[in-house]
There are 2 protein chains.
Amino acid sequence: MLGWLRGYRRAALAGDVSAGLVVAMMMIPQGMAYALVAGLPPVAGIYASILPPVVYALFGSSMTQSVGPMAIVSLMTAAAIAPLAAAGSALYAVLAAQLALVAGAVLILCGLLRLGFLANFFSRPVMSGFTVGSAIVIAMGQVHPLLGADFPHWHGPSAAMGLASLLFLVLARRWGAALLRACGMRASMADTGSKLAPMLLVIVSIVLLALFDLRAHGIATTGSVPAGLPQLNLATSSAHWGTLLKPGLLIGFIIFLISMSAAQTLALKRNEKLVSNQELLGLGAANAASMLSGGFPVTGSISRSAVNFAAGANTPLASILTAGLLALALIAPTGWLALLPLPVLAATIIVAVLGMLELDTLRTAWRYDRVDALAWLVTGVGVLLLGVEAGVVVGVMLSMAALIWRASRPHIAVLGRIAGSEHFRNIERYSAETQPGMLVLRIDANLFFGNVEAVTYRVEEELAAHPTARALVLVMSAVSSVDTTALFGLMELNQSLKRRGIGLHLAEVKGPVMDRLRDSQLLDLLNGKVFLSTAMACDHLQNNKGDV
Amino acid sequence: MLGWLRGYRRAALAGDVSAGLVVAMMMIPQGMAYALVAGLPPVAGIYASILPPVVYALFGSSMTQSVGPMAIVSLMTAAAIAPLAAAGSALYAVLAAQLALVAGAVLILCGLLRLGFLANFFSRPVMSGFTVGSAIVIAMGQVHPLLGADFPHWHGPSAAMGLASLLFLVLARRWGAALLRACGMRASMADTGSKLAPMLLVIVSIVLLALFDLRAHGIATTGSVPAGLPQLNLATSSAHWGTLLKPGLLIGFIIFLISMSAAQTLALKRNEKLVSNQELLGLGAANAASMLSGGFPVTGSISRSAVNFAAGANTPLASILTAGLLALALIAPTGWLALLPLPVLAATIIVAVLGMLELDTLRTAWRYDRVDALAWLVTGVGVLLLGVEAGVVVGVMLSMAALIWRASRPHIAVLGRIAGSEHFRNIERYSAETQPGMLVLRIDANLFFGNVEAVTYRVEEELAAHPTARALVLVMSAVSSVDTTALFGLMELNQSLKRRGIGLHLAEVKGPVMDRLRDSQLLDLLNGKVFLSTAMACDHLQNNKGDV
């Protein structure tokens, strides 16, 4: 904690200041926009961008993570709170902050219990499908504010402003950096500069609104943004703790996943080490802080963190500076923000989530592994049809089902001896000789509850195919662990083989596995011997045919 | 389907008839008792024991499985229906039958989709903890009918009869078979005969009640049992389909688990082959049949199937005979059954579930693997504190968490060369020589989303510990599969190593893995070579030091 501050080098300051400034300029429209996605007044998005990143800087593990509102987490917040309170009501805001506290408590608890490995409950294709599905849901939700009316209708002035903004942002995204470079800017600065297009658009649109009084033409705006820092918020609804537990768990899980994948991408670039349990604590504390300052659930954002990184951030000081600048913006007069047109904010949201529509993972999975591609599609469609919360559950279940399914089909090879050598190889891939009366099987998987039945089944099949075998040798060279269920399975196999007068021998058992098996009864009851190598097993059994 | 009937040998008949008779005698008290556990009138238990086993005989995969009411499934039925309808109401019976249909549909669907591998979602310790927890819940639920009042109070005559019955059944269980053997009965017959103690108790208690009019002393009885076969039941409550879906899923899952473990135990004894997808269809059809005949969810019971097996059952004809005898019992006058005292039934339930209180699995797990022992305890306590449905969910989550946790700690060994040989071994366990400038790691696990981060992390740790290494060789001899997430992980590792000028080489890649990797870009982009053996990799890299 704060290790970065004690070792702070002056050389890091310039980069941190520049990144702090750039991200603050990015955060104003983004925070307000994601507050709208969450169903909250825009200022809540600024509140959620001040205290949480500062607290994350104290407890988190990433140097360049930018913690604050994020599209998918805002969508999940809206999905959780909308059924419980009327949009715009005081209760809605209380529940959104309370949800951040619940999610934060979940994250801190997981961090203290060292449950960081839980991030592995989502496979990458599932996460990608979830992200794309959520992006589509978010974009569709912005069609109404973009057009000022429900599609396929539109309110002329709103639609004109919204679509023009959309066009500008798409062009800026595609050509902005090139244009800035053509104007003589350095490549890295041009890339960063182009990320400020949304802030430029916000300023221009506010100026236009102020000059031409476009509100008179029916263009909706964010309305007055209260000036001043957020008040300390301790309000909770005691009736809703139970109801918020499930969404809090799901949002906590997604906050962790999104933040870890953002932080990892950056850590990889600098060979930094991330500590997932530390990250859980940092995110949990940030969400608790978000609740205290009247915000809503926050996380690290991949796109914003990438800008932070590219703009030169070296330490969390950049995020602290960003927070300071946002606080200053709230202390300064905020009247101008009231004129921000909603179609412009909708356009920034749509363009932001367009960046989440990546199909590379699906394409790679499709070529490489259809099961993973299917998991992508089912999760994505699940989010679209069943909603974002059900999408998380579907994703976890699919990841687990894929895991169990894969695990339930372990690779098992019948081995034969490479003539004249001590080597044993898969007889399907090498011309290797088997010995009559002996069946040698190599199990290429850790033995656990998910595959022990499949292994037993396969052993029986091979025994049926080799009816003369009086000795079965299991080559355990690829088995690094045997769980309790598998231990029972092996004991039952041993019993069954004993009844049939077939010896069960083990070869090449790894040290750690052997250490564990000594704590069980299997070795005492084993209807055969344990051999150091397959060759030793086969030589011995060849020379002692009566020996089972 | 019906393969057993076409190949029926006359020699099997005697055993089938004897087993059919014995199981019918066992089924009458058991069926009525488990109907009470489910919160239904006793006759529903007989209904659920007639059509379902016949239908299972047509579609199921086990030769000696006895399908019918079962304690845990009845408990889950009560847990699902009790919040929806008043005990004893017509709606309660309709919903219990409807639940059997939902569970049956789930099972049939899973069978058609070949999802039999889903049984692997429960580890054996979790199943054992779940069973013991459920047994305790069931036994506690029978204390009231046993004593005729709430503990610690009791109704004298009821408690006397209940406790005497309990004592008789416990003694019969412990010494019954020995007594029968002492009377000159053959050992196998004595074992089976002792299982009829509940039926004997039922008959004796009915005679006592009839002779001494014990109802006048306040002993409750089952009340009139309607004569005649069950009517075709098509009644459903259309408002409850949605509500019944979740319990239907959970009960379907447990039905499958219980039945598979019962059938497997028996199949192992006869070296029969079970087809899990066929078993799903058989159980699904049996539950649909249970709905049609006014029953409730049914499954194969380990204790009853063991008796069926021990009493000589060779084919499903035994179960069909049992069903026929039960149908005859309903067609004959049923007035006598009305006198069956509830304390006696409660005693039979308690003694039946005592047999489920096995702590062997916990004991073995405690010695062998504390994580598995913990999973046992949490599942058992979860059932006691949160109920049987939540217990299933807790169990699945624990099994999955244990799986992910184990998977997230893959075994990775630094290899060195055994001097003067072509063999490479773990340097921690063998005196093997490493070469400067080269790091050889063997990954002892399949690569997938659950462990790819841990692998990358470990690789970086080892690289940090070997700062002079310019070449990293990953020995893939124990890797049987690489999923899409792991493929991305390897590509990112490759990118990162390339930036740092470290070569990434693969050795001993298995055939099937290599076939898949050819469908990806990894081999094209690889910052190194693929070698057939570790020795070839090291020799080559030794001789071509500049080559990355």
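For all residues, glycine too, the Cβ spot is worked out from N, Cα and C.
If you look up TrEMBL, you'll see B:428-541 marked as domain 'STAS'.
Here TrEMBL flags B:12-28 (among others) as transmembrane segment.
Residues or ranges marked as transmembrane segment in TrEMBL: B:34-59 (among others).
Annotation source TrEMBL lists transmembrane segment at B:71-93 (among others).
Annotated transmembrane segment per TrEMBL: B:99-119 (among others), in sequence order. Remote same-chain residues near the transmembrane segment (B:99-119) are listed as 48, 77, 80-81, 236, 241, 244-245, 247-249, 251-253, 255-257, 260, 275-281, 283-291, 295-298 (criterion: CB distance under 8 Å, separation of at least six residues from the stretch ends).
What TrEMBL records for B:126-147 (among others) is transmembrane segment.
Counting residues 6+ beyond its ends, the transmembrane segment (B:153-172) has Cβ neighbours under 8 Å at 145-147, 194, 197-198, 201, 205, 214, 217-220, 341-344, 346-348, 350-351, 354 in the same chain. What TrEMBL lists as transmembrane segment is B:153-172 (among others).
Annotation source TrEMBL lists transmembrane segment at B:193-212 (among others).
What TrEMBL records for B:248-268 (among others) is transmembrane segment.
According to TrEMBL, the feature transmembrane segment maps to B:306-329 (among others). Sequence-distant neighbours of the transmembrane segment (B:306-329) (same chain, 6+ residues past either end, Cβ-Cβ under 8 Å): 4-5, 8, 12-24, 26-28, 31, 46, 49-51, 53-54, 56-57, 60, 63-67, 188, 191-192, 195, 229, 262, 265-266, 269.
The transmembrane segment feature in TrEMBL is assigned to B:336-357 (among others).
Look at TrEMBL and you will find B:377-405 (among others) tagged as transmembrane segment.
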Return the stretch with the most CB pairs under 8 A relative to the transmembrane segment (B:34-59), choosing among B:12-28, B:71-93, B:248-268.
B:71-93
Give the residue counts of the domain 'STAS' (B:428-541) per reduced DSSP state, in the order helix, strand, coil.
49 helix, 21 strand, 44 coil
Are there 3 or more C-beta pairs under 8 Å linking the transmembrane segment (B:193-212) with the transmembrane segment (B:126-147), counting only pairs at least 6 apart in sequence?
no
Does the transmembrane segment (B:248-268) reach the transmembrane segment (B:377-405) with at least 3 CB pairs under 8 A, where each pair is 6 or more residues apart?
yes
What parts of the chain pack near the transmembrane segment (B:336-357), using Cβ distances under 8 Å and only residues at least 6 beyond its ends?
29-30, 32-34, 36-37, 42, 71-72, 131-132, 134-136, 138-139, 142-143, 145-148, 158-159, 161-163, 165-166, 168-170, 173, 198, 201-202, 205-206, 209-210, 214-215, 219-225, 303
Across the domain 'STAS' (B:428-541), what does the mean pLDDT come to, as a whole number?
90
Of the listed stretches B:12-28, B:193-212, B:377-405, which one has the most C-beta pairs under 8 A with the transmembrane segment (B:71-93)?
B:377-405
